[in-house]
Amino acid sequence: MKWVESIFLIFLLNFTESRTLHRNEYGIASILDSYQCTAEINLTDLATIFFAQFVQEATYKEVSKMVKDALTAIEKPTGDEQSAGCLENQLPAFLEELCREKEILEKYGHSDCCSQSEEGRHNCFLAHKKPTPASIPFFQVPEPVTSCEAYEEDRETFMNKFIYEIARRHPFLYAPTILLWAARYDKIIPSCCKAENAVECFQTKAATVTKELRESSLLNQHACAVMKNFGTRTFQAITVTKLSQKFTKVNFTEIQKLVLDVAHVHEHCCRGDVLDCLQDGEKIMSYICSQQDTLSNKITECCKLTTLERGQCIIHAENDEKPEGLSPNLNRFLGDRDFNQFSSGEKNIFLASFVHEYSRRHPQLAVSVILRVAKGYQELLEKCFQTENPLECQDKGEEELQKYIQESQALAKRSCGLFQKLGEYYLQNAFLVAYTKKAPQLTSSELMAITRKMAATAATCCQLSEDKLLACGEGAADIIIGHLCIRHETTPVNPGVGQCCTSSYANRRPCFSSLVVDETYVPPAFSDDKFIFHKDLCQAQGVALQTMKQEFLINLVKQKPQITEEQLEAVIADFSGLLEKCCQGQEQEVCFAEEGQKLISKTRAALGV
């Protein structure tokens, strides 16, 4: 059973069961009930995002037809209604339009959804979303001459097509983020069309946009996967921690209010409710900016930006400084009160306030580390109040909570030490060996992609100051592991990976760190084909040569996951000797055929395969 179902997180679920319950039980009104929308809404672009994300293979013409029909079916609000507040949620109308398009749904394999009830139908369409559909090619930067002409002739249609292309390639990317990057792309085009070297301008500036889009898409998909697999409670626990770290001067009641509404917005965004995702996000940002004097002095410049720009700016803004007079630790936070005598509601509030107070004191820690500390603290209290001396038990136990931080620090020190010693490429090779042993069922390209990100994380985070290193490393590892878990959900890897992915969000990374070798894996029969070497090894350079060497490394470990470090070093030394000998000779292909076979025989004998 997931630890997030413990009392520690029940209070968070209570916040989101309904806005009425939240307001009645805690006396806190939701921001989303009171704030008005301030920005003009382009329903055509929003509807385009919706239909392109839900039927990714549909052509632009097909999506445009669905958009037109859906918007025609929606009653236009009067001027008074429009100015008085926000548009109503149009999700049901969009889903109805999807189901009216029987030919399109049949064509792309979505027709099974419309026979279900409203909620089931929605979930069915969500399940059809694919992060990287094979039928859709990577986005290519448009040819400048044609693009500039099309943009000048009909800017609105040109930008709507761009939104369509982005949405279908990134089905989990939040609508406001798509609109934000579309707006930035809209600014790039006129300047690049006038540039002396338009091709270079487009390639350079558009490459930045597409890179940021990919990264934003990964983050949004990760957030949605956490909410789906671990529930709203876990997501809200994450949000409590992040907001308390960012807004260190804010009291617990205000954090509660923000947690409710931030999680509510993410839920809309993850379910493809494009209108509520946009409007409710705007409300929260408007509220935060209206309260910036009390929330944080780090967001002043953010609040001067457009509504779309504010969100990204605030999210990436620095944490506020710790308030003066804040005690360095939370020793005896409970005091002499008997935790086991608390009512369920009292326990909820107390533990929530502990998370808030701990987070604002430790902005340098990763969210997952703080959640591990919080779980440990709950278990400590439950244990101590069954002893004769609860206070003494607490004092000893609170020192033990440091083990969660120390484990994270030790991992960071070890990883950065290896990075300094080996460099990024050889560190990736070390990760390759470790993760091929943990998950030999992954393809070579998957293993290389995962470990490349891990090595890049070390290269980035190990350059940071100590107060930023831990959060950087653990945070990046959480995203990388999260996407491995999304892959496992689609195509199961092995029981060990499955256990780590599903048992506990907070403990996912330590769980993966503790995996060594997948004992359920049965290596395939030895095949010489995977170890045949050719003269192209001598011709390859840079990344191409590194990739070939890594393929050899992966195949070797997959053949014998229990291979020792000494055995591995010996085989690699022999392989390097083979390259040196054959690449210096005239008859390279003959050399590889003869000497390569000797290497294979020697390796098989040494490994017993």
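Each residue, glycine too, has its Cβ placed from N, Cα and C.
Keep in mind the model is a prediction, meaning the values are calculated, not measured.
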In Swiss-Prot, C289 is listed as disulfide-bonded to which of the following: C277, C302, C303?
-> C303
Choosing among C113, C148, which residue does Swiss-Prot name as bonded to C124 by a disulfide?
-> C113
Give the distance between the Cα atoms of S117 (phosphoserine) and C124 (disulfide bond), rounded to the nearest whole Å.
-> 10
Cβ neighbour count (within 10 Å, all chains shown) around C113 (disulfide bond) = 21
Residue with minimal Cβ packing [other Cβ atoms within 10 Å] among the disulfide-bonded residues C270, C313, C462 = C313
Close to C511 (disulfide bond), taking Cα pairs within 10 Å and only the disulfide-bonded residues C114, C193, C501, are C501
From the Cα of C277 (disulfide bond) across to the Cα of C113 (disulfide bond), what is the distance in angstrom?
-> 23
What count of other C-beta atoms do you get within 10 angstroms of the C-beta of C114 (disulfide bond), across all chains shown?
-> 17
